[in-house]
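Trainee: Below are the features listed in Swiss-Prot for this protein:
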{"type": "ACT_SITE", "residues": "19", "note": "active site, proton acceptor"}
{"type": "BINDING", "residues": "14, 62, 64, 108", "note": "tRNA binding site"}
{"type": "SITE", "residues": "9", "note": "site 'Discriminates between blocked and unblocked aminoacyl-tRNA'"}
{"type": "SITE", "residues": "87", "note": "site 'Stabilizes the basic form of H active site to accept a proton'"}
């Protein structure tokens, strides 16, 4: 079983914010897939299954406690692989990077996952840039002129993610799909 986690915050006030690009990518995948909804309160998030071996998770614990949801799903399904999609303020909007393991880079959602599940998982890092005030920047909505770039990056990321799921070769996917901005 492969678990793909899209990080974000629940609630209308957080929709279309920079911190929610992980949720946005999961939603994009669900739009184009036949899925089974496995959402259950014990998973502390929205959980979907595509095919026989792919789980998509949107934690409902808020960003800083994402690990609670990830651990609940991972413990129940005994996933062989985990891929986490998240915003990254250290790379510009329009950029895309891939990584396995390492530090959380100050990202509280990753810190929570690392604490409860370890850090040996693949990461899809979607650049959102760094504003003057980090918190208001990541919790802020994309400007209209940024939405075109965001849409292109999400489509590109979707292709990369689907290939990563199939091929399990992070280095090759990184070489093929990483974007600079």
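From the backbone N, Cα and C atoms, a Cβ is placed for every residue, glycine too.
As the structure is a computational prediction, the values presented were derived from the model and not from experiment.
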Trainee: Which of 9, 64, 108 (the recorded positions) has the most other Cβ atoms within 10 Å?
Mentor: 9
Trainee: Compute the C-alpha separation of residue 14 (tRNA binding site) from residue 87 (site 'Stabilizes the basic form of H active site to accept a proton'), stating it in Å without decimals.
Mentor: 14
Trainee: Go through the recorded positions 19, 62, 64, 87 and tell me which ones have a CA within 10 A of the CA of residue 9 (site 'Discriminates between blocked and unblocked aminoacyl-tRNA').
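Mentor: Candidates kept after distance check: 19, 62, 64.
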Trainee: Please report the DSSP secondary structure of residue 62 (tRNA binding site), reduced to three states.
Mentor: coil
Trainee: Could you state the whole-number distance in Å separating the C-alpha atoms of residue 62 (tRNA binding site) and residue 87 (site 'Stabilizes the basic form of H active site to accept a proton')?
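Mentor: Answer for this pair: 14 Å between alpha carbons.
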Trainee: By the DSSP assignment reduced to helix, strand and coil, which category contains residue 14 (tRNA binding site)?
Mentor: helix
Trainee: Between residue 87 (site 'Stabilizes the basic form of H active site to accept a proton') and residue 19 (active site, proton acceptor), how far is it from one CA atom to the other, in Å?
Mentor: 6
Trainee: Please work out the number of neighbouring Cβ atoms within 10 Å of the Cβ of residue 14 (tRNA binding site), leaving out its own Cβ.
Mentor: 17
Trainee: When a 10 Å sphere is centred on the Cβ of the residue listed as 'active site, proton acceptor', how many other Cβ atoms does it contain?
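Mentor: A 10 Å sphere around the Cβ of the residue listed as 'active site, proton acceptor' contains 24 other Cβ atoms.
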Trainee: Can you tell me whether DSSP puts residue 9 (site 'Discriminates between blocked and unblocked aminoacyl-tRNA') in helix, strand or coil?
Mentor: coil
Trainee: When DSSP is mapped onto helix/strand/coil, what comes out for the residue listed as 'active site, proton acceptor'?
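Mentor: Helix, per DSSP.
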Trainee: Between residue 108 (tRNA binding site) and the residue listed as 'active site, proton acceptor', what is the CA-CA distance rounded to a whole number of Å?
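Mentor: Cα to Cα, residue 108 (tRNA binding site) and the residue listed as 'active site, proton acceptor' are separated by 11 Å.
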Trainee: Taking the centroid of the Cβ atoms of 14, 62, 64, 108 (tRNA site), which other same-chain residues have Cβ within 8 Å of it?
Mentor: 9, 19, 61, 63, 65, 66, 109
